[in-house]
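Colleague: Could you have a look at this structure, given as structure tokens, before my questions?
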Amino acid sequence: MRSDVEYSPVGEGLGMRDFWLYVWLRRAAVIATHVTGLGLTLVLSLLSRPGTSLFSWHPMCMSVAYCLCMTEGILLFSAEGSPFCFKSWRSKVRLHWICQALVLIAAATGLWFIVASRNVSELPHLASWHSLLGVCTLTATVLQAACGIAVIFPKPLRLSCPSSRLKLYHATCGLVVYLFSTVTVMSAMFTDWFQATAKGVAWWAFLILPLFPALVVMRQITNAYLPRKKLTS
């Protein structure tokens, strides 16, 4: 008996009503992730009151980098709820690069402000878990950017690794960076600055909210690059 191997389609085994409910729930999750990322960026920027001190620019720059630009740079490849779903793949890749370049610029700017602030205040560097996690996130971001360059320019770099494997490595590194950034953002809620700014229910809401985009991004990347269950007939 001949056996054909194929990937199972999305929604296999679901009735039409359940299938469309599943599709709309996925779309709602992606849209909610857009709103959460933008909302976190705006609220953290307002709470930091940029311009009042050197430190005040640090939360704003980092939230723009990771809560907004990195989230949007990944979600633009989503088939559900992306404002760029009508764009070609090449256009999406170009927009992805723009978003990731903005991540690097904003993160580097935020790093400069926190270093300058602590130097002016004569405070020690890398004295908290948040700062250590931040260094890990920034390092992983730079490595991820290098991996992205390898995906775009494999021939000039004389890489022998297959393109599909490079893309898998790039996606995996991207997921690691996003999870690192999520943990770093959550650790910021335990700093003296944020605990003096938000209290009670608001503090718990800010602590939990970054987890939602992380789950949606993790699902998108794993569904796109991990092999689905195979069917045999």
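Counting begins at 1 with the first residue displayed.
The backbone N, Cα and C atoms fix where each Cβ goes, glycine too.
A quick note: this is a predicted structure, and the numbers were derived from the prediction, not measured.
So TrEMBL lists these for the protein:
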type	residues	note
DOMAIN	24-228	domain 'Cytochrome b561'
TRANSMEM	24-48	transmembrane segment
TRANSMEM	54-77	transmembrane segment
TRANSMEM	97-115	transmembrane segment
TRANSMEM	127-154	transmembrane segment
TRANSMEM	166-189	transmembrane segment
TRANSMEM	201-221	transmembrane segment
Colleague: Quick test of the contact rule: Cβ under 8 Å, at least six residues beyond the ends. What residues does that give for the transmembrane segment (54-77)?
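Modeller: Counting only partners 6 or more residues beyond its ends, the transmembrane segment (54-77) has Cβ contacts under 8 Å with 30, 33-34, 37-38, 40-41, 44-45, 47-48, 83-84, 87, 92, 95-96, 99-100, 102-107, 109-110, 113-114, 116-117, 120, 134, 137, 174, 177-178, 181, 184-185, 188, 193, 210, 213, 216-217, 220-221, 224.
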Colleague: Determine the mean pLDDT over the domain 'Cytochrome b561' (24-228), rounding to the nearest whole number.
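Modeller: 89, rounded to a whole number.
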Colleague: Using a Cβ cut-off of under 8 Å, list the residues of the same chain at least 6 residues beyond the transmembrane segment (166-189) that approach it.
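Modeller: Hits for the transmembrane segment (166-189): 40, 59, 62-63, 66-67, 70-71, 74, 129-130, 133-134, 136-137, 140-141, 143-144, 147-148, 150-151, 154, 159, 195, 198, 203, 206-207, 210-211, 213-214, 217-218, 221-222, 224-225.
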Colleague: Against which stretches of its own chain does the transmembrane segment (201-221) lie, if we need a Cβ under 8 Å and a gap of at least six residues from its ends?
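Modeller: Sequence-remote neighbours of the transmembrane segment (201-221) are 29-30, 32-33, 36-37, 39-40, 43, 67, 71, 74-75, 77-78, 171-172, 174-175, 178-179, 182, 185-186, 189, 194-195.
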